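Copied over from Swiss-Prot:
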DOMAIN    10-207  domain 'tr-type G'
REGION    19-26  region 'G1'
REGION    60-64  region 'G2'
REGION    136-139  region 'G4'
């Protein structure tokens, strides 16, 4: 059978399962593909295939992640599931699998556990915007009051981390029943169908990169005699058109300039779009006014900052990271988009040191400004060697 063509007509949404070990994330993932294949006609992926997730590298960090896809009536979903807790931590911090929404799987028989809490916190830190809850293994709970209690606990936990706990949709069911094609008390296939409908209605369609305000990290600067200065890079989002006013942000004071041409593969174009590698010709900007590591943006859309809180994963020795812990006052380089900037690390109160393989919240103060927004990913390096990965959780100044 020929490989089916990717259907671009349905809007594309990225989701993933999160939650404590053995609460049924992978079973639910398999059940979702099964139910959607019966109802909406996408492909089935078996449990074993998801569970033995392949290794992949993101920013030099090895992560095991399973990617499956399924369709609802109105959308195409790309879904990630990780076998181990460490894989979730790395995945969410590196942004290897960006989620537009997460499905929190919590066992109704056990209630919220340490990783339930940790994954909700991580979702908050890395900017997962929406969480839908699937209370799993409900077929093992006879007592309706117990179900209510677990539901209340989960809602409280979500509210603790600034998710709308009271309004979060919670679907009660059994992933295993759905996987086996059963549906007693509508806990099997019906519950999973309801989950998909909830994803459709509760998670808004994400804004496409091309519709966001223009941003291009500057990789290189050239001066072309008689034409002016050209900066090159890959457009991260938005569109740049000839005659657009632009700002150059980061590393020095912000300056304004105008785009007088867009060049791609030696051809002149009227515009450059998200995802394209191109050169942008700037009017009135000297070769020495711009450098790699700055960003070219739509005026007013991004501000330069130096101080922020971050969620960081420190590479283990096996991953090629440090062999020893680091302490407060640690000063590595932070690699944002295209450049390294030195920064100072403040650890949370009561934390003396950070071991390789840990994840930690820290406050970072950079020695130069960087154009940044909440959710921006970075690498931590020592002399060009990656020793950690992080994400901006909240900008301070």
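Cβ coordinates are placed from backbone N, Cα and C, and glycine is handled just like the others.
Owing to the predicted nature of the structure, the values given are computational and were not obtained by experimental measurement.
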Near the region 'G1' (19-26), which same-chain residues lie under 8 Å Cβ to Cβ, leaving out any that are not at least 6 residues past its ends?
47, 50-51, 66, 81, 83-85, 104-107, 110, 112-116, 119, 136-137, 175-176
Taking helix as H, G and I and strand as E and B in DSSP, count the residues of the region 'G1' (19-26) in helix, strand and coil.
2 helix, 0 strand, 6 coil
Per DSSP, how many helix, strand and coil residues does the region 'G2' (60-64) have?
0 helix, 4 strand, 1 coil
What mean pLDDT does the predicted model reach across the region 'G1' (19-26)?
95
Work out, from DSSP, the number of helix, strand and coil residues along the region 'G4' (136-139).
2 helix, 1 strand, 1 coil
